[in-house]
Amino acid sequence: MEKRRFLGVCLLVAVLVLRAAVLGRGDDGGGGGRLLDPGKLEMFVDELPDMPRMRGYGVAEGGKLVAGNLTIGMYETMWKFHRDLPATRVFAYGTSKETATVPGPTIEAMQGVPTYVTWTNHLPPRHFLPWDPTLTAAAPGSGVPAVVHLHGGVQHSGSDGHSLAWFTAGFAATGPRFSSPAAYEYPNQQPPGNLWYHDHAMGLTRVNILAGLLGAYRVASPAEEAALNLPSGEAFDRNLVLFDRDFLADGSLFMNRTGNNPSVHPQWQPEYFGAVVVANGKAWPYLRVRRRRYRLRILNASNARFFRLSLSGGLRFVHVASDSVYLARPVPTRAFLLAPSEIADVVVDFVESGNATAIVLRSDAPAPYPGDPGDKAETVPVMKFVIDDDDDALSTEPDTSSVPARLTSPSQYAKPDAREAVLMRRIAMYEYTKEGTDEPTHLYLNARSYMDPVTETPREGTSELWDVINLTDDNHPLHVHLALFVALEQRSLRDVDDLKECMMARGSGGGGADACGLERHLAGGRKHVVPKQERGWKNVFKVRPGTVTRLLVRFRPLSPPDSRRFPFDVAAGPGYVYHCHILDHEDNEMMRPMKIVR
């Protein structure tokens, strides 16, 4: 039934293509010209930038912290990704066109002190990258639609960056869920940790983020962090924002103009992968360091690429937080997997490098991930750390930092307890293909499109168990807005194709799993161990292909543990969403609305 409905919609393609003339399919900067051979770019010639920092709070007389008010715009500007690459046209966040950067400025907020941000759209009438008019997408009469989501933020849905709350330059056009041009309010009443902000416009998220609309956001608690004594200060506590891009020889960003299934989707492809790895806006940069501890807050801001990160010389990462929440105890690893939109907060001690003068951060994850059995991924450099204790330009401040044996107290945050769940939901992940080919046409959650009526209505103050059934060949990083969750277990299905055939024949969502014998398909299936650094509270979790992942999802504040109400009305406004954070999937229906009730 779902396939028939989709094919019926595809009959409208000829009509929908007319929408391309409105927003524009992108000019020559988005797809014409000769693709750059990345081998012609010398690695490690650009220094890793520290993005501009903006204080998300004010300081009143007497040193009292008060709410901060920021105005951050979206601009079309030029950005140098590499010394030998011509400047690239991008969309970027900043306080002006001249100061806008890719990534955007790092917003530094204080726990419990609100940050108000007025987001302004100064983007041009046409997008410079191609987009697909056959997707459910924002398509105004003129201008580039944009809306900002604070990923990991605990905020009212009116400030959450709803995909249909987009707006163009000067608010000339707005989406159906747009309410007012007032500043977004971020209460910052959540644990200290790492967040990021990015575009979230309907059907254009992958394109706008590819163009450069992303940035880091921190929530700090000075008292808590002083007690932890982790590496601190701008020199020793750095954000690393990683993503991949392709370029043309003239420096332009490259995005495909023709899709894998052009008769269905003229431009959309299942995943975007670039051959150039970018860190903080520079291709394969370097960072000069001393032999001491550094804290690295590593965000994977790629559209679809997974990074499996390791350090040359066998250096360790010590994980102190995952996504937006500290772990209970530090977890040492030699390598770890980071999905799109995941954040790993790690400490690296370059004392362990011995006599080495350089350490390379590298990745060996296949693309797409996990790929076919037997695929061997190439190890690619990400950036280089140049160790020089004699460099007078580096801070000589002695290293008094440490990594404590315990990062949070047992009573600080709520403990995961499956017994508190008030109900069980089944969330099934589907990928549909064109008949006669293996090429995807769209991806659904619970066999429903984004525009179908809301089916998930959790109650504030409760927790739920979600069994996420991945019936596809891809690993999908699941993100739930507002909520935090813990992965309790992950089990392989014994016969994915049989279960998928049954469930698709029924045209059902996750609820049809029982009728199709889900437990029988799980019996004897492999149990996957959740990595230690991913056993805490998270807002993104990797759902392996052919598995059922059980999540305990918390629709209430994490701290204090007995909290039941958020500091705002969660039932008001446009509502929240949950989705796959592979942006190409999210833009093609792998996202569902969620309405929280009181």
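Please read every residue number as a count from 1 along the shown chain.
Note that Cβ sites are derived from N, Cα and C of the backbone, with glycine treated the same way.
Residues or ranges marked as signal peptide in Swiss-Prot (evidence: sequence analysis): 1-24.
The Cβ of N69 (N-linked glycosylation site) lies under 8 Å from the Cβ of G58, Y116, T118, A183, each of which sits 6+ residues away along the same chain. Secondary structure from DSSP puts N69 (N-linked glycosylation site) in a beta strand. Summarising the annotation, Swiss-Prot assigns N-linked glycosylation site to N69 (among others).
If you take the C-beta of H479 (Cu cation 1 binding site) and look for same-chain residues 6 or more apart in sequence within under 8 angstroms, you find H151, S341, N539, V540, Y578, H579, C580, H581. Per Swiss-Prot, the feature Cu cation 1 binding site maps to H149, H479.
Reduced to three states, the DSSP call for H198 (Cu cation 2 binding site) is strand. What Swiss-Prot lists as Cu cation 2 binding site is H151, H198, H581.
Per Swiss-Prot, the feature Cu cation 3 binding site maps to H200, H481, H579; the stated evidence is similarity to another entry. Same-chain residues at least 6 positions away in sequence with a Cβ under 8 Å from that of H200 (Cu cation 3 binding site) are, in sequence order, V147, V148, H149, G161, H162, S163.
N256 (N-linked glycosylation site) carries neither a helix nor a strand DSSP state and counts as coil. Sequence annotations record features per position, and here Swiss-Prot assigns N-linked glycosylation site to N256 (among others) based on sequence analysis.
Marked as N-linked glycosylation site by Swiss-Prot: N300 (among others). Its Cβ taken as reference, N300 (N-linked glycosylation site) is surrounded by 27 other Cβ atoms within 10 Å in the chains shown.
What Swiss-Prot records for N355 (among others) is N-linked glycosylation site. Cβ neighbours within 10 Å of N355 (N-linked glycosylation site), excluding its own Cβ and spanning all shown chains: 7.
Feature annotation from Swiss-Prot assigns compositional bias 'Polar residues' to 397-412.
Around the Cβ of N470 (N-linked glycosylation site), the number of neighbouring Cβ atoms within 10 Å comes to 27. The N-linked glycosylation site annotation in Swiss-Prot covers N470 (among others) and rests on sequence analysis.
Checking each of the recorded positions N355, N470, H481 against N300 (N-linked glycosylation site) by C-alpha distance, the shortest gap belongs to H481. Residue density at N256 (N-linked glycosylation site): 15 other Cβ atoms are found within 10 A of its Cβ, drawing on all protein chains shown. Other than the site residues H151, H198, H581, same-chain residues with C-beta atoms no more than 8 angstroms from the centre of those residues' C-beta atoms, the Cu cation 2 site, are H149, W196, H200, L214, A301, P340, S341, H479. Of all the recorded positions in the record (H198, N355, N470, H481), the one with the smallest CA separation from N256 (N-linked glycosylation site) is H198. Among the recorded positions listed (H198, N470, H481), H198 has its Cα nearest to the Cα of N355 (N-linked glycosylation site).
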